[in-house]
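Participant: Can you keep this structure in mind? I'll have questions shortly.
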Amino acid sequence: MVRCSCVLFRKYGNFIDNLRLFTKGGSGGMGYPRLGGEGGKGGDVWVVAHNRMTLKQLKDKYPQKRFVAGEGANSRVSALKGSKGKDCEIPVPVGVSVTDENGKIIGELNKEKDRLLVAEGGLGGKLLTNFLPLKGQKRVIHLDLKLIADIGLVGFPNAGKSSLLSKISHAKPAIADYAFTTIKPELGKIMYSDFKQISVADLPGLIEGAHMNKGMGHKFLKHIERTKQLLFVVDISGFQLSSQTHYRTAFETIILLSKELELYKEELHTKPALLAVNKMDLPDAQGKFHVLMNQLQNPKEFFHLFEKNMIPERTVEFQHIIPISAITGEGIDELKNCIRKSLDEHTNQENDAYHKKQLLNLHISNTVSYSEPPSKTAVSSPRMDIT
C-alpha cells in the first residue's frame, strides 16, 4: 500500500518569484482660478516587461520597494495648462502576473515591452474640482512570476532532470547524486539543425503533498501552468526521498505525480505530455522498463497498490514514451525529435482551431448583415406616377 510521507520544507535560495510593492500615482497640480488655468495631471505608475530583468534585480535595485510618480505642474500665468507629472516605470521580467492586495488580478505581462497601469495620477486643479488638485491613486501590488517555456520538466527529486537538461541544451544546472539539487528554476534551449529553438524549464523536484504547498509546493507547480507541454522524467529504478520515507517504483512515481498535478489544478491534465524513462544504463533496466510499459498500458489494474485518495481521476496519456540515459546519451536524439514533433503537432492544431474560429465569426457576421431589416430612418425612393 502506497502512503503519503512527510517531507522537508525547502527554499529557492536567491531566486525570487514573488514581490510586494507600494505604488502611488503623482498628485495633480494646482489650478489657477482667476484665469481658469488647469493644473497638470499627476504621473502614472506603470509595470513594464523586460526580457533581461529578474525580480531579484528589481528588489536589489529598489530595496525600499516604493514607486511614486511625479506631481503635475501648477497652472501659472505663463503656462495656464500645467504639464503632466513624470510617469514611473517599474521594470519586471516577462511572465509576471500582477495582483492587488485582495488577490484580484490586475493584468499579466507575457512579452517584451508589455505595459500595465497600476496606479493612476490625480487630476490637476480645474473648474470641476474647484481648481484644487486630486491626490494620486495608492496601491499595494504583488508581482508573481510564472516562467514561460515550451516544455516543463516534471519529476521527483534526483530523477535526472538537471542531467537531461544539460544533455539536450546548453544550460548548466547544478548536478549531484542527492535530492533537491535543483533549488531554483533553470531554463535551457534545444537547438535544431533548421535553427528552430525550443525552451525547456527544469523546475525543483516535486514531492508528495506539493498541492498542499509541502516542500516547494506552489512555488513549483505554478510554473508548470505556462508551459505548453509537460515532460515527465522518472528514474527506472524508482525513488526514495530518505530512509524515513517509502520507496516508490517508477510506475508509482508517475501515478503520484499525476495526482499532485490534478489536485493543484485539474486543467494541467489537459496539457500534452511525454514521458522520459531515465537511467536505462543501470543493471536490469530493460526488465523494469518492460514491466513499466505493461503497467502503463493497463494502469487501473494496479490501482489496488494505492490508497484511494492517491488515485487520480484520470491518468496522464503520454504522446511518446522514450527510454533514455542522460549519462550515456542513449535515446536523447529520439527524445529531442519527439519533443519537436509533439510541439509542431500542437501548434498546427492551434492554428487550425484559430482559422476555423475566424471563418465561423466571418460567417456569423455575414449572416447578420444580410438578415438585418431596413432601417426605419431610411429614406424611400420617391414614387413616380406615369400618366
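Backbone N, Cα and C atoms are what each Cβ position is placed from, and that goes for glycine too.
Summarising the annotation, Swiss-Prot assigns domain 'Obg' to 13-148. The domain 'OBG-type G' annotation in Swiss-Prot covers 149-344 and is backed by sequence analysis. Taken from Swiss-Prot, the feature GTP binding site covers 155-162, 202-206, 278-281.
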Participant: State the mean pLDDT for the domain 'Obg' (13-148).
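Facilitator: The answer is 94, the mean pLDDT of the model over that range.
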Participant: What is the three-state DSSP composition of the domain 'Obg' (13-148), stated as helix, strand and coil residue counts?
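Facilitator: Summed over the domain 'Obg' (13-148), the classes give 10 helix, 51 strand, 75 coil.
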Participant: In which DSSP state, out of helix, strand and coil, do we find Lys161 (GTP binding site)?
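Facilitator: Looking at the DSSP assignment, Lys161 (GTP binding site) belongs to a helix.
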Participant: Select the most exposed residue of Leu203, Met280, where exposure means the fewest other Cβ atoms within 10 Å, treating these as the binding-site residues.
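Facilitator: Relative to the other binding-site residues in Leu203, Met280, Met280 has the fewest Cβ atoms within 10 Å.
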